[in-house]
Each structure stands twice: as C-alpha cells, then as structure tokens.
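S.K.: Have a look at this one before I ask anything.
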Amino acid sequence: MNTAITATTPTEYSYNDRYINRELSILDFHLRVLEQAVDPLHPLLERMNFLLIFSRNLDEFFEIRVAGVMEQFALGNESRSPDGLTPRQVLQKISETAHTAIERQYRILNEEILPKLREEDICFLRRGELTPAQSAWVKKYFQEQVAPVLTPISLDPAHPFPRLVNKSLNFIVTLEGKDAFGRQIDLAVVPAPRSLPRVVRLPDELTGGKEHHVMLSAIIHEHVSDLFPGMTATGCYQFRVTRNADLALNEDVEDLAKALKGELSSRRFGRAVRLEVTQNCPQHIYEYLLEEFDLNEEQLYKVDGPVNLARLVSNFKRPHLRYDSHTPVVPKVFKKTESIFSAMQKQDILLHHPFESFAPVIQLLREAARDPQVLAIKQTLYRSGADSEIVQVLAEAARNGKEVTAVIELRARFDEESNIEVANVLQEAGAVVVYGIVGYKTHAKMIMVVRRENNKLVRYVHLGTGNYHAMNARIYTDYGLMTTDKDLCEDVHRIFQELTGMGKMAKLKKLLHAPFTLHAQLINFIDEEIANAKAGRKAQIIVKVNALTEVQLINKLYEASQAGVQVDLIIRSICCLRPGLPNLSENIRVRSIVGRFLEHTRVYYFSNNGDARIYCSSADWMDRNLFNRVEACFPIEDPALKKRIYQQGLLNYLQDNQQAWLLQGDGTWIRAKPAEGEKLHNAQRELLETFK
C-alpha cells in the first residue's frame, strides 16, 4: 500500500507524487476486471467469463505494454516516465503485481468457480476422476482426434529447441529409453495445434446427462507416452510463452498492406516476454525453458491449472447462469417513418448502444446502397470484420454503382489481418479504398451519405464514439449521432477530404478534430471553467473516457481544481492523475465503472456558466489520440439530447454505488459502497430498465 501524499503548495509535489504510472494503472484496471469474477452481482457463467477476459487482457498487456518497457530496458534507457519511475523499476512493480494477480486468478478458478459449476453439474474432470468407460472414450478420442495432428519434437543436437508460436499450448516431456535409431533422448517438446479444442465434452451416455468436460491438456498428459513408442515418459509439463506482438512498421513503404502482411507473420515469433508453466514443473525444467527463451525468473509464472485460461471456453446452455437476455430497442422515430432519410431530416437522432439498437446505422447504409438517388457513401473503418454486414452492404453499394470510399485503418492493433481482408473485399467490389495518413491512425468514426433531392445534393452523417462493429455494439457502451446539420455535414466532408486527398488543414465550423484543434480547444474549455470559478460562478467539468494519460490536460485539471472547479472523471481504464491531494487536486474525483457492458463512451461536459457544452468523441485523453491519430469530436446541440446525455450518460454513472471503483490519491482503487440508508444504484441496470 502506498503512503498518503500531501503538500502545502502545488509546487511541493514531485513528479512521482503528481502522476500515476501508466503501465501500473492499466494493470490496476485488469485487477478490477478480475474482481468481477467473485462479484455475486454477476451470474456464475458471467463470473467465469470475467476470469477469461482477465486472461486475454493480461496476455495483451504483456504482448504490448510489458514488451515495450522491456525494449526500453534492453536498450539501456534509464529515462523516467512522468511518475518518476525508470523502465527497470516499472518492470519490477509489474512483476510483483502480476504474480499476485495470477495466483489470485487461479485461486478463484479452483476454489470458487469450478466448485460452483460442479454444483450445477458442470464438471471439468481431472484424470483421476474418470470412470473406466470415460477413460476408454478419452483414449480413443486421443488416438483418433488428437495424436494424428501432434508433432513431438525430440531435443538433441540434430533437433534444436523449436520456434514456438506466441501464446501456444506446449508440453515439455522427460523421457527414458532409446528411440528407433538407438538415440538416448531425455527431452521432447509437443506443441498442441490451435485447431484442437481446449475443452472436450464427454458424451451424455457416459455422464448420466451431466455436462462433464476434460481439458485437452489432461488428455495429452495422460497419453503422451503413446507418442514415443518404446520409451517411457517420466514427466509431462504444460508451458506457454508470451511474445512481443507489437508491429515495428516503416510507414514510408510503398505498399502498406503488403508490408503489414510481412510483419504479421513475424508477430507470432517476437521476443519472449513471459513464460507460464504448471506448478509441478521441476526447477531444472523451467530453468532450461527460461534459458531457451532468454528470460529470468522474474518473468516466470507458475500456475495451478491450464496455462491458457483465455481459451477455456465452452457453450454451456444454462440460461439461469447467464445475464437475462437483452434486446436493444429501436428508437420510436424510426418506427414512425419508412425511410431512415426521412427520420434524419426531422431531427438529430442520438443512439445509445447497447441499450438502443445498432440496426439504424446498418439500415442507413443499406438504404443508401439501394436508393437510386444516393450518389456516394464515405466511411471510416477501424474495426469491423470482413464478414460484417456493414462491409457487405458497402460492397453491395459499390456494385450498384455508388461512389463508395472507405478509409480503412490497417494498423488497428490485432485487427490488421482482418482489415486487410476488408480492404480486399471492398476493392474487388469497386470501392475506393484508402489507408488514411502516414504516421497517423484514422480513429474517427464517420459515415457520410450524399443523396440527390429536388435537384440538390443533401448529406446525411453518422458520428460515433465506437467502432462500426455490430457485435461490439451489443456489449460496448457507445454513443452515435445521426444528423443532417449542414455545418456538421460540411465538417465531415472536409475531414474526408483531408484523409483522401492533399492540402492544408481544414477549417471546421463545429467539429473538433485531432491532431489539429482538439487538444488546444480542450485546454481552452478548461480555462473558461477556471475563469468562471475565479469569478464566483458555477464551474464544473465531467469527463467520461477510457483513459487519461496526457500530462498537459492533467496539469490543467490540477489548475482547475486549485481554482475551485468541481471535476468529476469517469475513467474506465488508465488514469495517471492523482485525485484528492491537498492543495493540488482536492476538487477532483475519479471513478471507474466495470460491469456487464464495457464502458466505451467518450463524453466531455463543461458547465460553461449555465450554458453547458457537451461533446461526444472518438478520442480518449491520451497523447496518441490527441497528437497521433485522426479523431472527430462532435457537439451535442439539441437541448433534449444534451439532457439525455447529462442525466443518463454522466449523472447516472456518478451515482453508481455497485459497479463503481474510486481512485485514491495514493493510486489505489477502492470499491464504492452505498452510504447508510442510501439506495443501491447500478448505472447499467438503470439504463437497461430505461430502454426496455
């Protein structure tokens, strides 16, 4: 536990007193996710799912964030981050926290989740629990379904240690005896192909109708000797290596897509950053593996169970162990008219996903693709998937002769391969595909449809805080604005011109856009609140984003706090600001909401002396969003929509006392609890009730 931080003046706070380390802050978010696995607010199978989400999150954390810090350390970089820590110090703190977290993860799995699943007749059987009939079935399954695709690799001078794929399941086997060539083989490695299911369900006739499962790792472990005829397997131990998965791409290449394809293949074999082994792995074995992967014991993680929990997934048909089903509602405005275009002409339309349906966005594109009066469709795509309905509708529009322009961000992390496929699908259909601006990721969420009406060209625009991904729109909270506002439409048109053509920075009327005007305008908005507070007027700032790391904005918020501005921050993940510090940030409160849906909306609120400014945006308050990406930040001007966002999207979350976590000045997070007599308030449940 960190000690309390205090000073009599702002200047007395050192750097490490003013800021929280970014890497440690994101690790804290993953810990908040892990805590959902023991939260009785969630049904049992959803708690298990949070356990798996934690595994996936931690995998990416090591692949990207830890790998980056390790590179800095390897290069001898001793420069300190804003919080005052060197790369070496950061790695030490990550290791301490991650080891404790992973131990807790497996303790939750073994002591809470699995026993409770067993009470529901969902069992993950260990080898010693199988009946003779079940053992016979498993042996046959191994012989027919598993062994034919396994490739055991002996380790000797003729067979050096193999290159193993990032995050793949592997076994190291200790052997006695000689092989067919008379060689004395002591060790072998058996990689488990990703094509094999990690969980195998036993037939109902062998389980009395109960759901009994066996791990692939247990099946291989039990029958690994069959892979080495005439030899004896004296030990078999799971292990998994996590590698650096960040892409080092020279963006000055002539063909970005081609260069990306080459980098994607190398991602599978990047530098090792973590080794996971089972708890019973002998010291001489894991030391051998550490040497092969050039890792130290600080990077070794011993686990009490499968080394790849992220793939511990099975389709359990137990509705009572899941969340109640939720069907997103379609706003009434769309039910009163046959055409999306007619609805948008009447008013600005705000969509709040996943409580409201994503279908109107797809319907806008579908109508545009088939309407003979539509001339052009332009859209940005960051994450969508080649088989998504949106991509298929855009391809249909191109085939129907519409001028379709897609700005596809090929460098969206872990979606690069999918986005290359999206580009190919659209190009083959006849769409114009561009990859944005070299050096800047295109992260803005924009659609523009151009339609001929009464001999004039009319534009219809959708702006969003989240990706054009129908599946994510069912589990991520996001806002989308559908509008025909002429100024907003003209601004979107100009940003598309920036992305597809050449020329100077576009001068926009209403939109704020990164990397040009957004950061400076945010500073101006905060300065206005500071001036209002100093003049004795009401001053308040509410920001809801995924992350806050940008130092200038943090310092400006500190300045606002010292001036008396009330600052409320709803930060899902990373927050480098320290709230509640005397004479620095005592007027700043920070909370994080972790629940059924992943909080993804970006909303900025400035009270503006009673004439509130509310913006929705694709941008978090991070350096990369504000300076290295193309982002769109759009104002909400309709009074009814402003009221909706303020009440449902901000105040509702500030009142949450069930899913909220509160950041302390020492960098720790504590669970919000209702005060004595205070009514329980769950923000996401309130919205589910509101939009029934």
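Here, residue 1 is simply the first one shown, and the rest follow in order.
Cβ atoms are placed via backbone N, Cα and C, with glycine included.
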S.K.: Need a hand: Swiss-Prot gives N57, R572, H600 for ATP, which of Y460, Y468, Y476, Y479 is also on that list?
M.R.: Y476
S.K.: Where R572 (ATP binding site) and R383 (Mg(2+) binding site) are concerned, what is their Cα separation in Å, rounded?
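M.R.: That separation, Cα to Cα, works out to 20 Å.
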S.K.: Count the Cβ atoms, other than its own, that fall within 10 Å of the Cβ of N57 (ATP binding site), considering every protein chain shown.
M.R.: 19
S.K.: So of R383, R413, H443, R572, H600, which of the recorded positions has the fewest other Cβ atoms within 10 Å around its own Cβ?
M.R.: R413
S.K.: Return only the integer: C-alpha distance in Å from Y476 (ATP binding site) to R383 (Mg(2+) binding site).
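M.R.: Cα-Cα, rounded: 13 Å.
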S.K.: Nearest by CA distance to H443 (active site, phosphohistidine intermediate): which of the binding-site residues is it, out of N57, R383, R413, H600?
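M.R.: Result for H443 (active site, phosphohistidine intermediate): the nearest of the binding-site residues is R383.
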S.K.: What three-state class does DSSP give N57 (ATP binding site)?
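M.R.: Note: N57 (ATP binding site) is helical by DSSP.
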S.K.: Between any two of N57, Y476, R572, H600, the residues recorded as binding ATP, what is the biggest Cα to Cα distance in Å?
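M.R.: Binding-site diameter by Cα atoms for ATP: 16 Å.
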S.K.: Could you name the residues, excluding N57, Y476, R572, H600, of the same chain that surround the ATP site, i.e. Cβ within 8 Å of the Cβ centre of those residues, in sequence order?
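M.R.: Here the nearby residues are N546, S573, L598, E599.
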